[in-house]
């Protein structure tokens, strides 16, 4: 803190007059000095200084740095005393209250500065705003005007004052004076020999206030009194400011005129009692100062100008203090030393103090505190004397600057040209007119960045201005305008050497920025300013960002800034894998900011980026300078991937441009950020090119070769292709052929023209993650980028050349080192048994990719284990290589330490990856439980629509049952965290196939109508048997009722038939049986179906009964044999053995079902066609359901049309059918044995719907 000292000048009064808190000497104990801890003995020639509530010897009250006596000004910080020069030179502009360095707005009280939030009243705690009255007492206690007035009214004994002769305490106050009182104000100025002018208040002004006080007492009485202290003015007070304007360099006439011309309330900043007399000063200075009206002394006096020839009258009880103090105390302690010996000792004392250059600031505690606040300070104090400490940034007030013309206006603020009122310096004021939080944050960030920079090609920061409760920035003034105006001004002639120098200056400034770990992120031609000498500076750091990870120093870097291509082991880690590049160690996912015309592709796509985005912006600026064209894609040719169209740009704008300059622009605009050079390298290239062009020399081929081959050197020293790059094999033309040829072995030369198989290209070890753990979909997954690179490689391989094949081989070798273990993947195969199986996959690109929006919640086992032999090969070979490397190259201690650090870094990264994988596994485990239950429910309860196609499946299986074809290979689909089951197409629908309707009343009218099917269906009863007829290919037909067919078995085993008329055929059993009876019908095997189709007897029954006539409309259509049943099912038996017959029928049906199942199993083993229905996708189920609905609708329409056309014929046929005795069927037998078996079968009960049908008729 800063305080004002108080000195004892009362001579021989000894211990009287001590400050508050110290008290007089009592009880025989003398007080101790706060510095040397010596006794303060009462002596008339030994003054005692009282300050900060403590006492010092006058000789001990010195600056801790320069050892100068402190007379009227002193500063205290952390228990050490400083003079004003040393304090400001060491700590800069520090806040009076919190002792922190001020970097923003500032509140000034005299020469003491505060943060706005620290400028508050000590008594009430209220904040003191600009223009409000205040008082700074003892340079340490700040009061508002109201609290200071109350404190002044207190009794004198209640005031905590450090005083010597009853003088008031030192104070700096801001007072307000009414306009009517200004005519009585008189000022007087005195200039001493040191050139420090002062302006003080004369007694006329105070006499006026005394008169005003007396008049107020007479008019208003005793309760109302105007005290002079309340106005905060005293005789001899020093005026510091008038209405906020400093008066240090103003004359008395100017100040008097300013006071008289005031139309409002007059505000004065005054300093009360600023000077006290020090006994240690020379008498000549005192006499000269007393001759003037006021006394002004230098703020500090050096030790050489102070007379210290007197003897000290105290001894140091302890060993505290510096060596000089101990020597002085030991010399002055003895009073019996002769005068000659005393003079010799005093000379030695002075020499000892002169050689003591190490100050007390070098203790460990002080160093730690100082370096925490100022990290740029050096550890050794002796080196600080050799450094040139630059002048700290200034803090301006509104009255210091004169606003001039407006230079420009942007989205966040305005820019004005201002002139300093005193020095006449021309500067630029950037005002912020937006009050939102984002604008304030960006503005403060720009100020924080600029104040740390100091370079000739970077905009110079001068200071800040706090006006109207807003922060404004003051920078240097650049008269040339921005670079864009110079480029597009046709009146300006820009030769090629001048253009190269423009680019060189920008590269130099950006190289300095990147060395300070700052990314500009908004580099364009509008943010680069041109001086009058055509030099360029980089400006506008509102979007700049500090990089967290510092760049690692490169051990094998050439002066040009790139690695040596000969050292191929530099980028290898101890484990034999490629390290990550330095740029990718710094790469993070920052905000997308800047101008899109100059924005880098990785920033445009929202990927991770680093300082290389500034290199791409610089490349676009080089294209602007070369072609003097705007960066708008309408004028500058660009590609769809935001890169530069180099071929078109060269044809349009590079006719006369030097080739190295064009190459530099192209390499800066590379799509891969790792292939762009740093600004240090660019500055070296452009400097060499500028020197050659200035001397009218042709640029050497070596420079052009370095620029063209830079990418190979950079790739060999850092890393392979960046994962953020979208480049494929067609963009590898930049690789150097010499480096590739040097690594080709004889075995590889034999395989020169071999095409790389897809499974030979190693992939990323990460599974394609399209979703984050929180469920958000990623913008650009690794799987999509890998697929895109693979497709580009497939297209490129169609037209391979030896050149590209050699590059592919180099790429393969580099990728093999990066990803030696390939990528893990799974295949899902749904076989006939409906078992989910996973197969090992080493290459996922040969299979079709799936939609990334599928559910990723299914968990599966890890079955990607390599065979034992292959694993042995993969493990043994690296072991041999490691043994060879260890035997040939013995690493040194330094290399082993470097490898150890790399391993520790790798271990840390692996731990981070493991924690991420654990979170992903936990999330997938939770989702797996839900998906597992849903999958089980799906397999247990298939959709209802699947049951509708059960008969369709059996009919299709029966149709293809006779064809013995080999089983097709299992169909597999690629998955990546998502199972896809092998889907098989359903049985091919037969043309003209018609499915039966469910039983309903509207279908009863057409229940007797014939239905046509392309394939015969199995019969539903044991009582029916078929025999071979003359026309086996024609389907059986229902005959008219007048036709009776009787079947008899002769002695030769042949079947004889007798046809009679007046016989009717009942409808098919599948037409009138209920749904529950249909499901119990047996399913015959394919062999039985072939037998029944070969032995088919139409138009007859085995009882010799006549069949029911068929309507004329459908008489020509074929009816399958399954629609004709035995006559035992045509009518309900009336005998009491009805229940027994039904049970016999059920048992027979069960026997046939078992036999059919056995035949079906044998047939399934022999046949290659499975009869099990595959799991259909929802899309196929929907299509089959729609087809079923259409077929039902068509059947309803045909049934309605048939019923309307037949009319009464159907009713007559029904009446005739009801009069029969009910034992009619169409009988057929192929052999005598089958005929005998048919005789033993009993008839099924007649359908119950016949009586209801007859009733309706």
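In case you wondered, yes, glycine gets a Cβ from its N, Cα and C as well.
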Check: Looking at 516-551, 552-587, 588-623, 624-659, which one does Swiss-Prot call region 'Disordered'?
Finding: 552-587
Item checked: Range annotated as region 'Disordered' in Swiss-Prot, from 1010-1037, 1038-1065 -> 1010-1037
Margin query: Quick check on the record annotations: which of 126, 716, 1000, 1006 is tagged phosphoserine by Swiss-Prot?
Written below: 1000
Notebook entry, point to check: If you check Swiss-Prot, which stretch out of 936-981, 1212-1257 is marked region 'Disordered'?
Noted result: 1212-1257
Note to self: Quick test of your reading of Swiss-Prot: among 861-880, 881-900, where does it put region 'Disordered'?
What the structure shows: 881-900
Item checked: Per Swiss-Prot, the range holding region 'Disordered', considering 441-493, 759-811 -> 759-811
Notebook entry, point to check: How many other Cβ atoms sit within 10 Å of the Cβ of residue 409 (ATP binding site)?
Noted result: 12
Check: If you draw a 10 Å sphere on the Cβ of residue 415 (ATP binding site), how many other Cβ atoms land inside?
Finding: 16
Item checked: Conformational class of residue 407 (ATP binding site) under the three-state DSSP mapping -> strand
Check: How many Å lie between the Cα of residue 413 (ATP binding site) and the Cα of residue 522 (active site)?
Finding: 17
Check: Taking the Cα atoms as reference points, how far is residue 522 (active site) from residue 407 (ATP binding site) in Å?
Finding: 20
Item checked: DSSP helix/strand/coil residue counts for the compositional bias 'Low complexity' (1145-1166) -> 22 helix, 0 strand, 0 coil
Notebook entry, point to check: Among the binding-site residues listed here, 407, 413, which has the most company in the form of other Cβ atoms within 10 Å of its Cβ?
Noted result: 413
Margin query: I'd like the number of other C-beta atoms within 10 A of the C-beta of residue 522 (active site), please.
Written below: 20
Item checked: the domain 'LIM zinc-binding 2' (94-154): DSSP-derived helix, strand, coil residue counts -> 8 helix, 18 strand, 35 coil
